[in-house]
Ligand code: MSP
């Protein structure tokens, strides 16, 4: 038997400095669907996530709560594990940097590099950002003298410390990055790293003495090891670095470290230098994904816009959240999370497209064929085109999931779902059922629909594992779902004849939203009270910066424009905001032909409350400049989704 191809994938290990938010869930969900895809493709996958529990930041948090650091992290890490379970994350191990198995690895690595002469003792005087656990030099700070990553104040640190001779590896790491374009992705991050290294790598301070929550330096117990030196080595611990060489050789080098864009530097400069010092091969790929922002803004406690993934899962279910995150956001770029867009996707893609396809199919088989899938015979042109589309979709899925094109792949699978829905309309089974001589034709249509759904169940499994299995079970397919592989849908016809399908159960209930003019729904008393309060507060006509910054102005591309019948001024526009598409109404019909607007990048108020205008739910407002009779929409040469501030 040939050995299975292996695939080792990791997420960052998360700081238990607070509860995890939807941005962390995004990162782990991406990794989970990639891991699930590789398992489906028949590979031997090892998927690792965990918690990064040492360091000054955690010690300070624990002190603030009056508990020991380990009491503090135990509680928060239990929350992480609960979240991953609720999201159906299929990790093969969960590493905690406080575990003995990890401490042993870190100390051994320190010893080996010290013995090699690449670690030396010196004294550190410089700047430190505790929230990022990062050292900085004066010239690296931002324009306000703060941390260039998180823009918070840095502290002066002066301590005796051990240093890692990163400078020894500068040329090798630069050459490696330049010679291996696959190593850092996307390409923009690769260029940033090349520029960073070209400015010169300084030796890295890898121990601290001013607090003690860390792994002791094995040769000098008053020092604890710098948290990033400790954290990065987590990737070696669970695959047997110290105790299982066979396992280690099987999985190392990792195929993919998936990380957020702000920690690419640690993974593509510091980590490779550590590995080179250990004479170990470098990971094959480090992918720096973009951030999830909320309604156009970065999530933060102080802004009060932190989205709790558990609350969302309770409300909408894990698969709907997973679908939204993976479908809406392009991996390399920042992407927006909005509740409205989530609900829209659930209703249109999940309840409507997918839910209806399953429901209609099972209903018709129940009604026309007593729930039995009959053997197909022959094929029409429409049947042949459906099968060709299925084969093309499977091919696309395979190629694009290998390339981590998750959003593109999902869109392609949904195009096939729409195709299958259209097949029902084209073949009109209800009409075939009325003509006894068309019995075989009807049987063929029913067979093809079940077979399409069998394909769809497998194709959505990496993204929505629970829904995939629910579809499989409603189809009542005999093969155990856990054993299904991508190879099972490489050919048409895997559904056995005479299968008795189940009765349809709803996959996703539609979410009802308030569609009518929302401002008019505000209780009157409350509204008057608010207006009075506003009157009292300020009648200068000036707005504060805080008031202004509530407005979210974003660049959007006009995709379609049409006049609203029986109005003079109103156009209905469809716009693309990058993270979502919207419909809105604009009173500019006297100034523009609809076709003149198509393709323009306009500025819009993205967080205007939706209102129903002439039967159209208008979600946002396009800005325009006017003087006298002249009016022009505000249009800028910036990409879709850009924030105007
Ligand atoms: N502990 C370090 C990682 C060590 S890996 C050896 C760390 N932890 S973290 O908890 O601050 O962040 C973990 C990951 O979550 C990072 O990759 C970060 O980019 C990601 N995210 C945090 N907020 C995010 C969003 N809003 N959106 C997407 N990812 C986000 O860094």
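Using the three backbone atoms N, Cα and C, a Cβ is placed for every residue, glycine included.
Unlike curated entries, TrEMBL annotations are predicted automatically.
Annotated features in TrEMBL:
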- 14-24: motif ''HIGH' region' (MOTIF)
- 129, 132, 147, 150: Zn(2+) binding site (BINDING)
- 298-302: motif ''KMSKS' region' (MOTIF)
- 511-541: region 'Disordered' (REGION)
- 547-645: domain 'TRNA-binding' (DOMAIN)
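Nonlocal intrachain contacts for the motif ''HIGH' region' (14-24), taken as residues 6+ away from its ends with a CB within less than 8 angstroms of a stretch CB, comprise 49-53, 55, 57-58, 61, 72-73, 76-77, 79-80, 83, 131, 260, 291-292, 294, 299, 301, 306-309, 312, 321, 325, 337. Of the chain residues outside the Zn(2+) site list 129, 132, 147, 150, 130, 131, 134, 136, 146, 148, 149, 151, 152, 154 have their Cβ within 8 Å of the site's Cβ mean position. Over all protein chains present, the Cβ of residue 129 (Zn(2+) binding site) has 21 other Cβ atoms lying within 10 Å. Note: residue 150 (Zn(2+) binding site) has non-local neighbours 129, 131, 132, i.e. same-chain residues 6+ apart with C-beta under 8 A of its own C-beta. Per-residue pLDDT, averaged over the motif ''KMSKS' region' (298-302), rounds to 79. The DSSP breakdown of the domain 'TRNA-binding' (547-645), given as helix, strand and coil counts, is 7 helix, 47 strand, 45 coil. Taking DSSP states H, G and I as helix and E and B as strand, the motif ''HIGH' region' (14-24) has 3 helix, 1 strand, 7 coil. Its Cβ placed at the centre, residue 132 (Zn(2+) binding site) has 20 other Cβ atoms within 10 Å. Taken residue by residue, the motif ''KMSKS' region' (298-302) breaks down under DSSP into 0 helix, 1 strand, 4 coil.
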